[in-house]
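My questions will all concern the structure given below.
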Amino acid sequence: FQGVNVMELVLFWTIDAHQLAPYLRGGGLGQQVVLEGNRLVLTCLAGGSWPLQYRWTLNNSNITDWTPQYRLSMPSLKRTDAGLYQCIVRNRMGAVIQRKTEVQVACNGEDQKTVTQGRAAIINPPPLVSFPRPLVTWYKDGHKIIPNNRIAITMDNQLVVLATTATDAGRYHVEAVNEMTGENVTSPSELVAAAIVIGPKDTTVVTGSEATLECVANARPVDGLVMSWRREGRRLSSGRRLVIPAATSSDAGLYVCEASLGNSTVKPVEARAHLTVMEPPTLTAQPKRKTFADLDRNVDIPCLATGVPQPRVEWYKDAVPLSKLANPRYKVTAATGLTVRRVQPGDGGIFQCFARNAAGETQAHTQLLVSSMAPTFTSPPSDQTVTDGNMALFTCQTSGAPKPAITWRKGSRVLASGSVQVSRFTLLQSGGLQIQPVSFQDSGEYTCIASNSEGAINATAMLTVWSRTVISVPPTDQRVIKGTTAVLDCNATHDPRINIRCLIWDRGGVAVLPTGGGRVSVRQGLLTIGQTWSGDIGDYTCTVTSQAGNDSHSARLEVIELPHSPRSLTARLNDSDSRSVLLSWLRPFDGNSPLLYYLLELSENNSPWKVYLSEVDPAVTKVSVGGLTPARTYQFRLCAVNQVGRGQYSAETQRLMLREEAPSAPPKNIVASGRTNQSIMVQWQPPPEPQLNGVLRGYVLRYRLAGLPGDYQEKNISSPETNYCLLKDLIIWTQYQIQVAAYTGAGLGVYSSPVTEYTLQGVPTAPPQEVEVVAINSTTIRFTWNPPPQQFINGINQGYKLLIWPEQSPEDVTIVTITPDYPGSRHTGLVSGLRKFTWYFGSTLCFTTPGDGPRSPPTLLQTHEDTPGPVRHLSFTEILDKSLKVSWAEPEDKNGIITGEKSSPEERSLSNSTLQYQLTGLTSTTVYTLQVAALTAAGQGVVTSSTISTGVPPELPGAPSNLVISNISPRTASIRFRPGPDGKTSMSRWIVEGQVCKSEAAWRVVYQKDNQPDADTLEIPNLTPFTQYRFRMQQVNIVGSGPMSAPSRLIQTLQAAPDTHPSNFTLLSATQTSLTFSWKPLPESEYNSSPETVGYQLHVWRTDGQGEDRTEDVKEGGGSSEATVEGLNPWTQYQVQIQAFNSIGPGPWSHTVAARTAESVPSGSPVNVSAEAVSSSRILLTWSALPQAHKNGVILGYKVLYSQKDSEDPPSVQVSEGEGSVSLLLGWLQKYKVYELQVLAFTQIGDGPPSNPILTRTKEDVPGPPVRMVFPEVRLSSVRVVWQPPAFPNGIILGTKNRDPQRWTTVEVGSNARQFTVTGLAAEQTYVFRLTARTAVGWGEEQQALVVTTERRERPQPPRKLSVPQDEVEARQLRLHWVNGGSGSSLLRYFTLQVKELPGRDWNTHTADIPHNVTSWTVDSLKPFTSYKFRMFATNDVGDSVLSRETDAATTLCTPLSVRAYVWYSRVTRYCPRPILIGRVEHIFPTSHSNTHQLHTHTHSNSLTDKILPAAAPSVAPQSIRVSAVSPSILEVTWDIPPLETQNGLIQGYKIHYWERDQQNQTEKVKVIFVPDTRVHLTNLTSYTPYLVTLTAFNTAGDGPPSDPRGARTLQSAPGQPSFLSFSEVTGGSVNVSWGAPLTPNGQLEGYRVIYEPTAPVQGVSKVVTVDVKGSWQRWLKVRDLIKGATYGFSVQALTVSYGPPIQANITAQPVKGSPGSPMEMTISKTSSELTIHWSEGNVGAAPVTGYVIEARPSDEGMWDSFIRTLPASSRSVSVPLERLRSEISYEFRVIAVNRFGYGQPSTPSAALRPFYEEWWFLLVMALVGLILILVLVFTLLLHGHSSKYKACGTGKHVSTAEESVTLDNGGFTALELNSRTLNTKNSFLKKNGTRSPPRPSPGGLHYSDEDICNNYNGGVLTESTTLTEKPTEVSESELTDSDSEDEQPKHSFVNHYMSDPTYYNSWKRQPKGLKGMGAPFGYEECATADTEPYYQTVVTQHSTGGAYTPTGHPAHTHVNPNTNPPGSRTPVTGFSSFV
């Protein structure tokens, strides 16, 4: 070997030198039970070297060959598949056998057996084939048998009955159940007979299993029977069965069963049985897994076994029994096993021994390895040449010991070995290599290597692979039609290394050769056969042969043709079915293509042929044609169809007529409806025409009471056209059952299904029964009653009405409606709310839907007595020290009989006549409380009390003081007060008056409270939301009313949803798809909120409940008074409501307004349209009424459009008036013509769409005369007559009859004949010929002609003088006149008319059969207003004349203008394209019965021809055009019509062109309005946009000139959102906000609203700040009240007439990333004239510092503000003149660095620079001076008393008490002016840093502004642009009075937070002092009007006197002196504007 081969050999030897023999991995299943029919899967798990092969045996017979599959699968097991299965495994090293597996099939079977009766009966079950053994149950006479001492069931399932008696007789059966399959079988029930007793049987069992012996004995009596078992004389047990649980070999032997009777001397009976116990075999000696042997030496393989019985040992070598091998060297001995003598190499393999006996089997095996022999080749591999796709087989047989291992490789790749498997490469048992299939890539050398322990050898062979020769293009089956060419193609591909023979074609083994004529040709495999016929049919084979394989393909050539027609088609009536016909025929030739089906056609009543059966089975030759209609004639024909197509029709059958029958279907669509309470209208439609079965003669209607037995009453309707009947004289409110049947001449048809209907309800005729009316208390009466008798209710009981009226006021009736209860129960009802102790009449009645029944007799009763009301006018007179007089008046509500009065304190009862009382014995100057009450029998009434002091006359009370308002809600507020002097008596009433501030309204009483003398707090109800109020109070005591208190502060109630809806809600106008409503808007006082939040919405829904509800928002806001709802359905009833809404919610809905949209044309067509020809000229058309959803108006009727099919003429129209009309009989139709019919509905607006056309043919009739009868050949003795079929055939022409009257010769010819020759005539004679045609109905009208038998004839002359008189010209027809020319010695036969449409059309034949004897003709089917020319020629027997001269052009007229005037527009129908009017229009007026306006004309009589005046468009535009804005999206255009003389006809409407100014080309639109409207709304326009509008009028001639443009601008609306929102200069407490103007302003921008709030609460508080920026130029805002680190949400809205949608963004109050750090080391130095600020640079951040900003915080403001802006980046100090600082104010400063990212962190603030007056010594001096001033002030107040004055809300000056406190309630801040007010010493606001904070605004959600608060604050005027909203919603009492503790801390709130800070407090408490030189403070007045001076909006939330903020793009305004402010400007306000 070469080196590389040696290496490979060593490698392979290492892998495969020791191959493994097969071995078993499992022992297999010993037993397997499978259901019959189920799948069986057995596996054989084995190991060993590849390839392993398996074979399966059944009962030692092979059932599979050797395969690599280790699994045996049987999909459906049968009983015969049961048995012993065994698997054998082999490889090259040997074979081994698996243990057997017993497969049993579970199944059931049954058999029968008869038993007999005896003394002891044994009933055997029928033989049953079942595995496993079934469970058995025995039954006697159907009852289960329970075994006992007399009845036993054996192990063999036998039933044993002992000591049988007569009761045992019966029917026994057994039921067996297979537990495995679940199946059960029951034996037949038959007589059970007794049998012999059963003895024990010999039994054999395997050791360890259970053994059972059974013995059944019989005796009488059975109870005395004793059973026992013995063995070898020893008694074992008793009973019928002996059970040995686990038998062993010692249990084997003879067993005796003994039966005896107790106390009997009879010898016992015995029975014997042997028990045999077997043991399965076991191996006592077995071989090793491997046995090694040397050549020519003996070797012993041990295998010994034991068992009972003794096992038999059998040996196998490689799964082959040694007995079959018959090798003398193999010797088997019982003592040692197997001895192999003189071992040879072929002895190597697997030896296996099996030990078997009846108890089982066992096995062992060993592999015998023979050594000491190197491998040699006995058959080495050889070269192979194969074809691609075939199998290649290399041999490689070797010998050696041990058996050599084989390895195959190709190159270095191992392909197959004992451990390697590659797809397609298989190592064979012999060592060979099989390659299957071979591919072209497998070519090359293959090496076989054989190796064992003694060495290795190899051999190589070459594999050559050829490409297979194949037919690449095989021929395909061809089916060609006879006479065409067939082409069969065949091409082959092959390996280029081989040669192939030519392609050969043959047919049926006979070669196909080309023919000389070229019909058959073969070229390069292409076979062509031309002119194919049936002889070419066959199989054609293309064959190719070569060394690399042969190939052939066949194709079938079929030549097919049309099938022949069926023959002998006959038809006959079916005797068993009167509605069917039997057809039979002979099968035709199929054209060499299988028949697909037959096509059967029929002709019904001579109608055209139609397909009746489209696919008759081709295998049948007879068929029954059913479903035919009685009383009709039928004719049939048949054709066959194959793949080619449809063959010829058969001959037609004779015509058969079916008998007439009664209708087989009832009338349809029966509808019954109650008309009155004693009549019912019944309507129906005829039965379907196919089910009439004859001629309809009439109907029979029958009816009776529904649900009751009784005879029907009948009505006969003898007219078939009548389809309704009114049943009269019926019973009220009674249900009837109604049926209708139709009848023909053959009898009455079937009745319809019963229809039930009630007569209408009536009113009850009897009142309720047994009525009881009882008063149950002082205000309630109870009714009890029984219902009226049911027969008197006369309808559905809708309930009862309880009627109560006072005795003295019978017209004041109280009605209570009670719903009905169960009919038989007694009813109860209550009437409450009555007056006490009053006489009433009570009655009741029953009512139904039509109305009320009679009342029950009235009952008079009185309500109970009750306690009286309070006495009136309690007063005191004659007041002395020890007595006084008390007076009073009787109670207003006595509620009974007053029996007296009672007074206290010393209770005294007085008579009812006593109205005053003198009290004596009183104590002087003592306060007494006196109470007076009236008495009735029911008790004491309400007490009236008062206090009085003896000796002191009472006086008027004083005025309340200290009015405090709190707990403000939308409609209530609490008022707390300090009562005034009581006037020496108790208070009897508190009166609260209110005044609305803005409206300057008068004071009015808003609330009063009685009998609460100690009250100090009242709740005022019924206030108006969102309204400013002030209140005052008045006290009332027994003397009278005291003076009014001072007014309270001004408060505003909260917002609420609107209380009311808009009033006067009405429909303004309606169109077909829209409704316009108007209403009176809510007054602003009823908005209950801010006006810009108020709007309206409409709720629209259909009255019929269909569709979805709609809610439409009105966009124009609270002032709008009109809206249009679009997109509605025409002529639909809608219900509409309106409601107002605001930001809080919606208000109540208004009343419902019903509105209907305008009529329109119907949107749908009638349905269920059907037509039936009732005669040859009439068609009955029926349809269903138009669905309600498609009516769109009042249906005035229906129009039927009908025309002949394919006719070009417009359809004719007939009108069926009335919405209820659903049928129309069309008459005067042409006979036997197909008509196209449509139905449409119409309203007064116009026509709806027509229905889908339906086709119906009128019935057949006798035909008209044949036409164009001529005699082209006339001889002296013969005449040939030629004719054409009748112009009006009126049916199917069945024949023609020609009569010669001279000899009365009649000749009938076929329907297809068109000529006939008459011979035997006399020369020069005149003959009359009459020609007539016949249909199925009969002979028609005759055509007559005269003929002279002569040969002198010529062509006729044409007609002359053709003319068209103008007065005979109409729109679609005219009359043509002419003069006949010469006949040419031959009678004229007819004329032909030709017509030419102008201009430019060709001549066309209009009529070809004008009779020869007329000289005028009506030319119809012309177009309106079209010009025509005419010409003619005549025809006689010789031929046609020349053409006549053309007529002059004749023009048809216009169709008459029919104008319908409607509410919404006019519609002109059928007007001319170029309209003209003949003559002069005199007048237009409506006719009496139509909406159509008639045009009356007068023609000129003094001229030869009428003058035609062409119509023209209007010459003048509409007049007085006005355009006005209605809303932001609507313009209203109005105009006047053009002058009458300029209209040039009837104006149809107007066209409105409108566009946005300067954008006409892009935005122009057109809207068309029809007369008589002169007003239109242009909708969907852009807000606040100028539009231009022009109008033109139009008529039928076209559009008139446009008007001059008129313009208007739409109203403003809410703007769009600002275009952007950005932030800059962001610090920890401030930010600059800027925004862009809206892209769509939608109006004049008036300002902006900025709202910001933290996105999350800060320290539990979330404040919402709103800033209104006035003017459109300023779009920035500096916000300075932010909290560092908090994130704020900003929103900006633009304002026009209202606010638009906001733009929103968030910003965090902290320097942005990358900004500088805080400057360092800040210090301040001060000189006499200036101060200097120093600092050093800090962290520069992510970019260089570009500058510095100095901020200052004055002590009186508390907010940081820019002081010096943008110092250079190099600056480290700056000087400030002291003149820039305000005196008496301390300042703090800080420095901020700026880079391109933004503002950085501020430096640490400097120490405050305090003025001298804050030094301690100055404060001490001022405190002493202040104390002295306070003492002087207190003394002055005590002297002057009530002297303080102030102005309030425009009402003048009011006096206030000295103790009045100044409070801040709910945001109302009292103006403090030290120079003009004298304040209480307790007023905390006099303190500079007082501890009292202003109260929180309560409740949350209030918006404050100068308009809301109506105040000037301490000299600081709040801007109009500021509002405040605080979110916490809890409401707290916010006022403190003088009695409150000075140190009491108010609850925390946002306002309190700023109020408690001294600097914030001062910022809004005092007027800002401003810069130096600022003028005097403003004057203040509460509720002052807004400043009307124009000014720039304050846009900063805090003001500082430092530098001014300069936004990008705007000039900087640095106000140094107020006198330098620009005109109209206003100094930004300090203080509270930061959060307002």
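Numbers here mean position along the shown chain, with the first residue as 1.
The backbone N, Cα and C atoms fix where each Cβ goes, glycine too.
Quick caveat, the model's predicted, so the values are computed rather than measured.
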Of 1069-1090, 1201-1222, 1993-2014, 2015-2036, which span is tagged region 'Disordered' by TrEMBL?
2015-2036
According to TrEMBL, which of these ranges is region 'Disordered': 899-922, 1715-1738, 1883-1906?
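Of the candidate stretches, TrEMBL labels 1883-1906 as region 'Disordered'.
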Report, as numbers and ranges, which residues of the same chain sit near the region 'Disordered' (1104-1125): CB under 8 Å and 6 or more residues beyond its ends.
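The answer is 1068, 1074-1082, 1084, 1087, 1091-1092, 1094-1098, 1132-1133, 1136, 1140, 1188-1189, 1526-1530, 1577, 1579, 1611, 1613, 1697-1698.
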May I ask which of the stretches 468-558, 1061-1160, 1358-1455 has the most CB pairs under 8 A with the domain 'Fibronectin type-III' (1617-1715)?
1061-1160
Which stretch from 870-955, 1061-1160, 1165-1261, 1358-1455, 1716-1815 shares the most C-beta pairs under 8 Å with the domain 'Fibronectin type-III' (565-661)?
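Against the domain 'Fibronectin type-III' (565-661), the leading stretch is 1165-1261.
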Go ahead and report the DSSP secondary structure tallies for the domain 'Ig-like' (375-464): helix first, then strand, then coil.
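Within the domain 'Ig-like' (375-464) the tally stands at 3 helix, 54 strand, 33 coil.
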Thinking of Cβ pairs under 8 Å, which stretch from 870-955, 1061-1160, 1165-1261 has the most of them with the domain 'Fibronectin type-III' (1517-1613)?
1061-1160
Going by DSSP assignments with H, G and I as helix and E and B as strand, what are the residue counts for the domain 'Ig-like' (188-270)?
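Taking each residue of the domain 'Ig-like' (188-270) in turn, the totals are 6 helix, 37 strand, 40 coil.
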